[in-house]
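Per TrEMBL, the features are as follows:
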TRANSMEM  108-128  transmembrane segment
DOMAIN    110-219  domain 'Amino acid transporter transmembrane'
TRANSMEM  134-154  transmembrane segment
TRANSMEM  187-207  transmembrane segment
DOMAIN    272-537  domain 'Amino acid transporter transmembrane'
TRANSMEM  279-295  transmembrane segment
TRANSMEM  302-326  transmembrane segment
TRANSMEM  346-368  transmembrane segment
TRANSMEM  380-403  transmembrane segment
TRANSMEM  426-446  transmembrane segment
TRANSMEM  466-487  transmembrane segment
TRANSMEM  493-517  transmembrane segment
TRANSMEM  529-548  transmembrane segment
Amino acid sequence: MEEDSKPLLGSVRAGEYYTDSLDPKQRRPFHVEPRNIVGDDAQEQVSSEAAALSSRVHYYGRLTASSDRLLVPPDHVIPSPEDIYVYSPLGTAFKVQGGDSTAKNPSIVTIFAIWNTMMGTSILSMPWGIKQAGFTLGIIIIVLMGLLTLYCCYRVLKSTKSIPHVDTSDWEFPDVCKYYFGGFGKWSSLVFSLVSLIGAMVVYWVLMSNFLFNTGKFIYNYVHNVSTSDAFGTNGTDRVICPYPNLDPDGDSSTLQYYVKENSTGQVFDLWWSKTNTIPFYLIVLLLPLLNFRSASFFARFTFLGTLSVVYLIFLVTYKAIRLGFHLDFHWFDSSTFFVPEFRSLFPQLSGVLTLAFFIHNCIITLMKNNKHQENNVRDLSLAYLLVGLTYLYVGVLIFAAFPSPPLSKECIEPNFLDNFPSSDVLVFVARACLLFQMTSVYPLLGYLVRVQLMGQLFGDHYPGFLHVFILNILVVGAGVLMARFYPNIGSIIRYSGALCGLALVFVLPSLIHLTSLNRRGELRWPSAVFHGFLVLLGVANLFGQFFM
């Protein structure tokens, strides 16, 4: 009687949970017998009996939840790994070579994939962020924010492992949020993920307008042999400018230069080639059609340009720092004519930028799935964050320290530090041209991600129709044009969007999910509750600090 009451499909004890056996002899993919494979072609034909059986299995699999093993195909119909085929409803079968069809990456590839994904437009705002916080306090905040966001990212990575009796191998973070908090968790994670993506697209539009303007201006000046500049700046070959100087009539401006163009041809060019009045609208002609492509696979081929751009930026920063030298003078709390205090009350602006700069929480689970050695995930994630933090520190500290003060004030450091170099600088022109091309190829990818996430949830289809997609793209492009026209400050755009999406996806949701998981297992203790409650309050304070500091 005991034998009759045992389930046909046994389980293997794994830790404190019961899971289905992973032995390939006991658990294998759906099987169609060899006699049901017709022909020897690369795309072999499946018989009607096999196709019907495959359809029934897929149908039964959708009748129950992923945690319910009642309708899982029994072991005796499962083939060996070398006999696995991938079946299509059209009747074709593709032979799968080997047991694992997913290529895995070594740790070094995973680390640099995370580094490349996080290295975005925020790197251009690091010197400005350090200026806003103060040199000493800025370095401290970069280190602390790196550690805090690393821990929260670790909590996201481990969130799928804490769910018992459920196969979470193909889950993403929104699925975890839905498991713990229902529809509210899923939609909140989706909305804040869209905020980060759309915020990045707006920053890209502002920067592309900037880079296109300066690239065109460089070409125009070169063709017409124009060598003057309409901004304050230092003398010499490695010229640094202050685009929006705060003129002090009592200050020493003997080492500054100021030029005013009076060429009528130049005035016509400036009228039609304006950074805020015309360039943002010119970009619509180029980028709006690209956003309507069904697939973004073509643009994905150019993602390697991001790595090349960052490497070139590091070279440019190093070269400029060597040529300009260091200009530092420590004033701990008081301002001076040319220097800022080491500790400033505007430090939340840097923390807002860093929240987006260290943000990878919405895709870290996917990135780590492809790591060959899963036991090294935490180590590889930590090394990637260390590499990202060192890159931000290197660029931010060198540009801030090398900024020539005097004669220019550190307050002249722009949210995009490339704006502190004239359009006639050849090395900076190359950087702007490379970044312009790279962002032009990445922008449609970001638009594709926005479309997939939003349309997939609203309509169940990534491309429900041209009209739906076109309206969405008009709204996204319109947001970028408006910001580039009326508020082209990438530092502020980054810090607002970073603090907003970071509140949910970096601080609140990972902490609440961890506390809820501990509480359900009866392992919640007050030190953990206090620490994670502090993280939630920190995220709230970071957001409010953007408006009041």
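Glycine is no exception: its Cβ is also placed from the backbone N, Cα and C atoms.
Those TrEMBL annotations? Automatic predictions, nothing curated.
Worth saying up front: this structure is predicted, and the values here are computed from it rather than measured.
The transmembrane segment (346-368) shares more Cβ pairs under 8 Å with 493-517 than with any other stretch in the list 108-128, 380-403, 426-446, 493-517. In terms of DSSP secondary structure, the domain 'Amino acid transporter transmembrane' (110-219) contains 97 helix, 0 strand, 13 coil. The stretch in closest packing with the transmembrane segment (302-326), judged by the count of Cβ pairs under 8 Å and taken from 108-128, 279-295, 466-487, is 108-128.
Within the chain carrying the transmembrane segment (187-207), a Cβ under 8 angstroms from the stretch's Cβ atoms is held by residues 120-121, 124, 173-174, 177, 181, 280, 283, 356, 359, 362, 416, 435, 439, 442-443, 446-447, 449-450, 453-454, 457, 476-477, 479-481, 483-484, 488, 490, 493-494, 496-498, 500-501, 503-505, 509, all 6 or more beyond its ends.
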